[in-house]
Amino acid sequence: MLPIDPAKKLSFTRCIQDGDLVIVYERYDNMKAVKVCEGSVLENRFGVFKHSDWIGKQFGSKVFSSKGGFVYLLAPTAELWTLVLSHRTQILYIADISFVIMYLEIVPGCLVLESGTGSGSLTTSLARAVAPKGHVYTFDFHEQRAASAREDFEKTGISNMVTVGVRDIQGEGFPDEFAGRADSVFLDLPQPWLAIPSVEKMLKQDGVICSFSPCIEQVQRASETLRTKFTDVRTFEILLRTYEVREGKLDGFQGNEGGSIGSLPFKRRQRSSEASNEQETTSAPIVMARPCSEAKGHTGYLTFARLKCLS
């Protein structure tokens, strides 16, 4: 995803090579991550696709199967990886992730601490935000989850910007080697208040913490602990409403005082040839937008606070 050369410069290649990870877009609600391997094939409802046909093509290309079906080959951006990764735990999605990165004030070169790693959705975006010279140190108490996360970061090409550790941050705190070095800290823990004293030691002066919690009771207790050594404590809930934008046909229109548009009965439109011109006009393709039927609701609360500066 973000391969970096020895000179610490981003070197993203636009052409697909053997061994690359690509996101195969089958339809708007179905994508999958596939590692390109010469000699391998992808079989799905649209046919059989040879990986050898993908090599040398640009990301974003449309490729066809032997029976005429097609898919798109997309670059594994952090946003797409969030949509296709394996869910070992509940993950953060794009709306929360973008908000976290902005309010944690993460820029290239930052040192960020995270607990817990989980499925690595947020970690992937954090790595891109600190690239090319920053680093993310992420910790999970579950050894197998940590190992799986390392494998994913290798696949997506960000392992040189992410270090995964196995540690119980609630019980042990962050390692002392990071004391006073962290620009930002992110917590996704069931009892974040237990880790806050350690976060205070890790952050630079004026550093920022974010705690993600699904329940308001967790937020209340964490906020009480934060107020002793932190300032500007704020909590947000991100609710995202997605719209589907598609081309369709307007069969007819009926004006009223409110200016609404509706469909007229088919037979009524066919009564005379005089209506033919109107029929051609009203059946022309138009672009329509409507709310998505499967809108996501509450995911969790994001609590931010800034370490108080010493007077």
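Placed from the backbone N, Cα and C atoms, the Cβ positions cover glycine too.
Just so it is clear, the model here is predicted, and its values are computed rather than measured.
Annotation comment: TrEMBL describes Ser119, Gly120, Ser121, Leu122, Asp140, Asp168, Asp188 as S-adenosyl-L-methionine binding site. Per TrEMBL, the feature compositional bias 'Polar residues' maps to 273-284. Among the features that TrEMBL reports, region 'Disordered' is placed at 254-287.
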Work through the binding-site residues one by one (Ser119, Ser121) and point out the residue whose CB has the fewest other CB atoms within 10 angstroms. Ser119
I want to check the contact list for Asp168 (S-adenosyl-L-methionine binding site): same chain, sequence separation of six or more, C-beta distance under 8 angstroms. What comes out? Phe141
Least buried of the binding-site residues Asp140, Asp188, going by other Cβ atoms within 10 Å? Asp188
Indicate the candidate from Gly120, Leu122 with the smallest number of other Cβ atoms within 10 Å of its Cβ, considering only these binding-site residues. Leu122
